[in-house]
Amino acid sequence: MAVGVAVERGSWEYNGRMTSFVVLSCMMAAMGGVIFGYDNGISGGVTSMESFLKKFFPEVYTKMKEDTKISNYCKFDSQLLTSFTSSLYIAGLIASFFASSVTKAYGRKPSILIGGAAFLAGAALGGAALNVSMLIFGRVLLGTGVGFANQSVPLYLSEMAPARYRGAINNGFQFSVGIGSLIANLINYGTEKIEGGWGWRISLGMAALPASILTLGAIFLPETPNSLIERSNHHQKAKSMLQKVRGTEDVQEELEDLIKASDISKTTTNQFRKICMRKYRPQLVMAFAIPFFQQVTGINVIAFYAPVFFRTIGLGESASLMSAVVTGLLGMASTFVSMLIVDKLGRRKLLMVGGAIMLISQVMVGGLLAAKLGDHGGLSKWYAVTVLIVICTYIIGYAVSWGPLGWLIPSEIFPLEIRSAGQSINVAMNFLFTFIVAQTSLVMLCHFKYGIFFFYGGWVVLMTVFIYLFLPETKGIPIEQMDKVWRGHWFWKRIVEVEYEVCKMEEE
């Protein structure tokens, strides 16, 4: 059975090159990834700080410090504590659907601007929080910002990038997430040492810095040629922008494809109804499956709660925060490697190799904890170091594969007429499954104990098989030519080819 897709990609390439204009524009837009990564890193760090727990979550602090009978795996099991982390994702889920309308009607740039402004307000409220209500409301504003940014930034990057470099440029979003997470971990490590117990305010409030950069930068961002054509009939303006973006005067072929895609898009009154049509079934399935699989890799058990987890296995407060810094640095470096190789090796190979690395790592961590970490006491120094090394290996596997490609693939597979809706569904599902994982992770750690790693390992097996069977290769294919990929796939062609032939006959 042929599971790949054999196509001649060279004939699909447009004229143009990577220009400094594109690089600078995409670097600024990718600040949306920095705010997302910063929040992930900060929330996990502050929830391991004793001063923060004592002020907002005294029950958790008491269990951690005074309850000697409670299991190592259950010290941080608190629904209120997980609500602090996961409230952002419900807000992001709702915001992503509003962002879809804004992105389609007004362009990618306004959505990025709104995202930065909302995140800025949330950072200010979080840093000044006096009670749990203020803290969680700040998280809701942060979630609104992340919802708008995550809906629009990956689209912006995919539309601006030349097809042959799209993977590298779009993976810059996840690379920026890694930068944000690393900065957050470094700040947490420093603020934890501040006497007086107010260092967590700096950690939460410093989110305003990347949010300010994104908000101000978005004012000067150019709109994508795709969006200019979609929202108006001024094709000359779009052509001028396309020439500037591609660094060549000869853009007529790509412009014609964009106009054709726009004409189809303008006949669409309800994108969410249209995406349910049979010919868009592959994209719809991927919009649900990829964010779901990205979250059940188990990465967020590490990303959200790394310092908490490292304290669970016996590391001290400072040591656990420094361990999170190490894993953040490693993740960022691995994502950079992915940027360099994704357009050479392709999406499928990276996802399958990354899946194999994650599976082996999860089995090893689960086995080590099962053998050496009971309900009480901690791991010896060398076993704790071994667990940390294996977790680092797991992060390498994730950061070269599902981390960046979980955002890249959905942003490049949707045709223009359903692109905003498709990306909104993808982001909403990402937030929904992230919320579920964040809300249940500490409960699962308490009840499954070391078995939580075997649980996520089972999902890694399933997602790797799914990729092998159902995801065609998309590297190097122009974004407006992506429909050919599904019509050449062994499984999806049975679903989309019939309707494609009907549409073709109607046109004739």
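Backbone N, Cα and C atoms are what each Cβ position is placed from, and that goes for glycine too.
Some features that TrEMBL has for this protein:
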type: DOMAIN; residues: 25-475; note: domain 'Major facilitator superfamily (MFS) profile'
type: TRANSMEM; residues: 21-38; note: transmembrane segment
type: TRANSMEM; residues: 80-99; note: transmembrane segment
type: TRANSMEM; residues: 111-130; note: transmembrane segment
type: TRANSMEM; residues: 136-157; note: transmembrane segment
type: TRANSMEM; residues: 169-187; note: transmembrane segment
type: TRANSMEM; residues: 199-221; note: transmembrane segment
type: TRANSMEM; residues: 284-306; note: transmembrane segment
type: TRANSMEM; residues: 318-342; note: transmembrane segment
type: TRANSMEM; residues: 349-370; note: transmembrane segment
type: TRANSMEM; residues: 382-405; note: transmembrane segment
type: TRANSMEM; residues: 425-444; note: transmembrane segment
type: TRANSMEM; residues: 450-471; note: transmembrane segment
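Only sequence-distant pairs (6 or more apart) were considered; of these, fewer than three Cβ pairs between the transmembrane segment (425-444) and the transmembrane segment (349-370) are under 8 A, so the stretches are not in contact. Sequence-remote contacts of a segment are chain residues at least 6 beyond its ends whose Cβ falls under 8 Å from one of its Cβ atoms, and for the transmembrane segment (450-471) they are 3, 285-286, 289, 293, 296-298, 301, 347-348, 351-352, 355-356, 358-359, 362-363, 365-367, 369-370, 373, 402, 409, 441, 444, 489, 491-492.
At the 8 Å Cβ threshold, with sequence separation of at least 6, the transmembrane segment (199-221) lacks contact with the transmembrane segment (318-342), having fewer than 3 such pairs. Over the domain 'Major facilitator superfamily (MFS) profile' (25-475), the average per-residue pLDDT in this prediction is 85.
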